[in-house]
Amino acid sequence: MIITLAYIMTIAANSMVIVVVCFDSHLHTPMYFFLVNLAIIELLYTTVIIPNTLSNLLSENQHISFVGCFTQMFTFITLGGSECILLGLMAYDRYVAICQPLLYTAIMNKSLCIYMTITCWTIGFITSVVNTVLTAILPYCRDRLIRHYFCELPPLLKISCKSTYINELVVFLLGGSVIVGSLLLTLISYIFVIRAVVKIPSASGKKKAFSTCTSHLLVVSMFFGTAILTYLRPSSQSFLDRVPSVIYGVLTPLINPFIYSIRNKDFKKAINKLMLHRNQ
């Protein structure tokens, strides 16, 4: 019931972000362009794994086909990789907005935003293709019981009857490049943002800016931290291996729209305007 409720709230919150941004022209800015892409990723991300997971939790016949399993894994890795890059780009967008405000519209123009978004989706897709193909050609001749909530890369490698050294090396190199690279871009951007915030003369303005930065960094740390625990550490058979997947697969998609969009003052104004328009 908790997972079902979280899924419903995730769908509702992210759908609201997409609808409100699309209908309010005042929100047609680079920041909200990235937030719409994040909301789309979260919608697809959770829909790929949660309904099937709920079905297996409620059913005695807990199975998934070979094609279904690898389709789920391919989509999940594509979206997860894209989200990593997108979070880094969003942090860079905040750096330009706060540290280079006079050049913001010139730097973060429409063409650059589109190119950046295409890049993040492309990197996620390429990473997923490589990992999915290398995993799909492995032989699974012994145990076919996936000790996990859904078809994710590390649990699948554990049940192969062939050495997975090459696969693990590719996961480490590709995953490390995407996850650690995006995390570094995010941290560096926020270091410059925090430096700029410290110089704000107004105590209330400084407090508000620090509150925003802290909440953003908390969510980003949760997402990247659990992804690193899953993909960039030696494999084990512990039950705790499944906990990070629940955090970045269920919890962060639910929290993100509230942290990045719904509590924003401009977004609240847009919601009120949309509600008034509907009532007229």
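Including glycine, each Cβ sits where the backbone N, Cα and C put it.
The feature transmembrane segment is assigned by TrEMBL to 6-24 (among others).
What TrEMBL records for 13-260 is domain 'G-protein coupled receptors family 1 profile'.
According to TrEMBL, the feature transmembrane segment maps to 31-50 (among others). Packing against the transmembrane segment (31-50) from elsewhere in the chain are residues 3, 7, 10-11, 14-15, 17-18, 21-22, 72, 75-76, 79-80, 82-83, 86-87, 89-90, 93-94, 97, 113, 117, 120, 149-150, 249-250, 253, 256-257, 260-261: each is 6 or more residues past its ends and has a CB under 8 Å from a CB in it.
Within its own chain, the transmembrane segment (70-92) is flanked in space by residues 31, 34-35, 37-38, 41-42, 44-45, 48-49, 52, 64, 116-117, 119-121, 123-125, 127-129, 131-132, 135-136, 150-153, 156, 178-179, 181-183, 185-186, 189-190, 193, 216, 220, 223-224, 227, 248, 260, which lie at least six positions past its ends and keep a Cβ under 8 Å from the stretch. Here TrEMBL flags 70-92 (among others) as transmembrane segment.
Only residues 6 or more beyond the boundaries of the transmembrane segment (112-138), in the same chain, are considered here, and those with a CB under 8 A from a CB of the stretch are 30, 33-34, 37, 70, 73-75, 77-86, 89, 153, 156-157, 160, 162, 164, 166-167, 170-171, 174-175, 178. The feature transmembrane segment is assigned by TrEMBL to 112-138 (among others).
What TrEMBL records for 169-197 (among others) is transmembrane segment.
TrEMBL lists 209-231 (among others) with the feature transmembrane segment. Same-chain residues lying 6 or more positions outside the transmembrane segment (209-231) and placing a CB less than 8 Å from one of its CB atoms are 80, 83-84, 87, 91, 94, 98, 152-154, 171-172, 175, 179-180, 182-183, 186, 190, 193-194, 197, 200, 241, 243-245, 247-248, 251-252, 255-256, 259-260.
The transmembrane segment annotation in TrEMBL covers 243-262 (among others).
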Spatial neighbours of the transmembrane segment (243-262) far in sequence, C-beta under 8 Å, 6+ residues away: 3, 6-7, 9-10, 13-14, 16-17, 32, 35, 38-39, 42, 45-46, 49-50, 80, 90, 148-150, 152, 215-216, 218-219, 222-223, 225-227, 229-230, 268
Folded-back contacts onto the transmembrane segment (6-24), same chain, C-beta under 8 angstroms, at least six residues removed: 32, 35-36, 39-40, 42-43, 46-47, 50-51, 54, 250-251, 253-254, 256-258, 261-262, 267, 270-271, 273-274
Taken over the domain 'G-protein coupled receptors family 1 profile' (13-260), the model's mean pLDDT: 86
